[in-house]
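Q: OK, TrEMBL features for this one:
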- 29-335: domain 'ABC transmembrane type-1' (DOMAIN)
- 29-51: transmembrane segment (TRANSMEM)
- 63-84: transmembrane segment (TRANSMEM)
- 149-172: transmembrane segment (TRANSMEM)
- 184-203: transmembrane segment (TRANSMEM)
- 282-315: transmembrane segment (TRANSMEM)
- 370-608: domain 'ABC transporter' (DOMAIN)
Amino acid sequence: MPEKSNHHTYREYLHFVNVIRPHTVGVQVAAAVVTILQGYVAVTFLGLLVSQLTAANSNQNRLVVLVGSFLTVMFLMAVLGYWLDQHVQVNARAIWFGMQAMANKKMLNVTYPTFIDPDFRDKYSAANTSIMFTGGFSSFIIQIVNSICGLIAAIVLSGASLVVLFTARATANTGLAQFANSPWLFVIMLALIVIPVAAAIPLSKLSSKFTHRFFDYNVQYNRLSAYFINNIFDDYIAGKVVRIFDPEDNLVHFFGKMNTKQYKQDNKLQVQATAARSVNSIILATVIGALYVVVGIKGLAGAISIGAVIAYVGYLQQVIGALTNTMDTVGTSAATLKGLDQFIDFIEYPDTEASGKLPIEKRTDNDYEITVADVSYRYPGEKAWALHHVSLRFKVGQRLALVGPNGSGKTTLIKLLTRLAEPTEGRILLNGIDARKYDIHEYQQIFAVVFQDYRLFAFSVADNVAVNTHKDPARIQRALTLAGVWDRVQKMPKGLDTSLTKNIDADGADISGGEAQKIAIARAWYKNAPFIILDEPTAALDPVSEYEIYQRFDDLMQDKTAIYVSHRMSSTRFSQRIVVLDHGAIVEDGIHAALMQEKGLYYQLFEAQAQYYTADKIKAQRQNADAAYTIE
Ligand SMILES: Nc1ncnc2c1ncn2[C@@H]1O[C@H](COP(=O)(O)OP(=O)(O)OP(=O)(O)O)[C@@H](O)[C@H]1O
């Protein structure tokens, strides 16, 4: 899918370069000047050398002085050039890492609704592609600075060379000398300079067009390929599924086909782009040959020396080089600039949900009240309501259980409370103020959540519990003890400092699903946020572990406002209030005894579960199973 991008100004590009790496432009100008001078000095020397060698009064001493000064100047310029080049390289790397750091920061800082927005993800992929293929801002600076410096040198020197060549006249005025003195020779010379320069514009535009297509094509491919590599080939969990469910390696074949298609397309576009550039080189080489002939005529006619022929052709070659280079930059800069535009579009992607600036009042009494006021929510691109006209108010310190069948909207409500999604209609209020008015990062700090799909990182146990807050080993130990996993951590090779999984550290510890879930619970407790939300936190726990967690429930929750989502109806025993969701709406709300009396959905869910697990029921089912199977 072609990626649309806004056009930004050169000022903006330079601003980005300055933010990432100040002084880049200055260093590049110095490097370009030295490189250009090296070219001109070499050509001048060659001309002078040939003049000396062919002069009637050629003198050995003068030759030695000439060669000696040339070698000294070239040596000094080479050393200076090398030193500057090192800085150019360092700057290029700094810009590369700077751009990566900016992109990573953006990804981590945007609000969740933006983070999952497909348009934003496309922009991210486009920005990555642009960093990878255009060299980003460093290529831009190198291209622009080299072209401008080359152009200035070319204008000055071409002007001077052409004036000298035009005014240098042969003494005779017949035959070849007449032609050498005629303005036609000058016109031919000008035409020879103009031809490759004029050809460079359409050819580099053509080459750039192919590069553009290459970009657009790559954005989509890179996204898909990153998914395959990170989430399928390199992922432990996917690794199990693939081995059991994909014995014929269909995923690999699919990836292979995708790669082949990409490879063919890449090749086609690269070959086309290179062909356009090659035509340019062929024209250039032919023109240089023709220039030798034309300037040579001046030499043959005696208007200038042989050494001057070599020097002037050399100058004109430099001039043509500089001009074609500039034209090439103008043509290809479209591709580089598009890459930069894509990067800036991503960095400046508007994050509408981050507009609230109100700070969250820090309260030691945790006196925060949340009101869900007639909230409805539809997932982006979906027609059906995941939540419809939900109203709810949480009292401070209350323990609330959220129950309901699969897909009834429990997790969605949690996403809205924690502002991982924003209501499509209605409002959520914190202490009477619309949650959107608060700074979202501060707002999210009042919640600790154990998500259904919680994720531990391949870092140390301590880092997983404390995340990026202050690491207090005693509190981390307390958290792990309350969650019932301290014994296991103690047995790990480096205790709290043991990395989880072997993804990054070969000495890391692999743990069971239940142990991982306990660490996720410890992480939520450690955060010490006023609201603690547990979405199916004991799903992976064995009955004894679950029982133990329930035993420590008071210690875990302390005086916090707690929301507990579980399909195990018995777990609602800790909740003062039970809210029942069905098809995205609240259908019941009250205490256990009252809801049981109502004999509504809660009663049915509770009874159904109780019924499936009564001793008699299990016994009867056991007998059926036993009767159907005998061991011979
Ligand atoms: N990212 C999503 N995009 C679109 N629809 C979604 C998304 N996540 C959930 N839904 C839909 O929204 C509705 C509510 O889902 P939700 O996850 O809130 O249910 P739940 O009560 O937590 O279910 P469960 O008990 O299975 O965890 C469901 O119909 C679900 O299919």
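Glycine is no exception: its Cβ is also placed from the backbone N, Cα and C atoms.
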Q: Quick check: do the transmembrane segment (149-172) and the transmembrane segment (63-84) share at least 3 Cβ pairs under 8 Å, counting only pairs 6+ apart in sequence?
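A: They are not in contact.
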Q: Return yes if the transmembrane segment (63-84) and the transmembrane segment (29-51) have at least 3 CB pairs under 8 Å (sequence gap of 6 or more), otherwise no.
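A: They are in contact.
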Q: In this predicted model, what is the average pLDDT of the domain 'ABC transporter' (370-608)?
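A: Looking only at the domain 'ABC transporter' (370-608), pLDDT averages out to 90.
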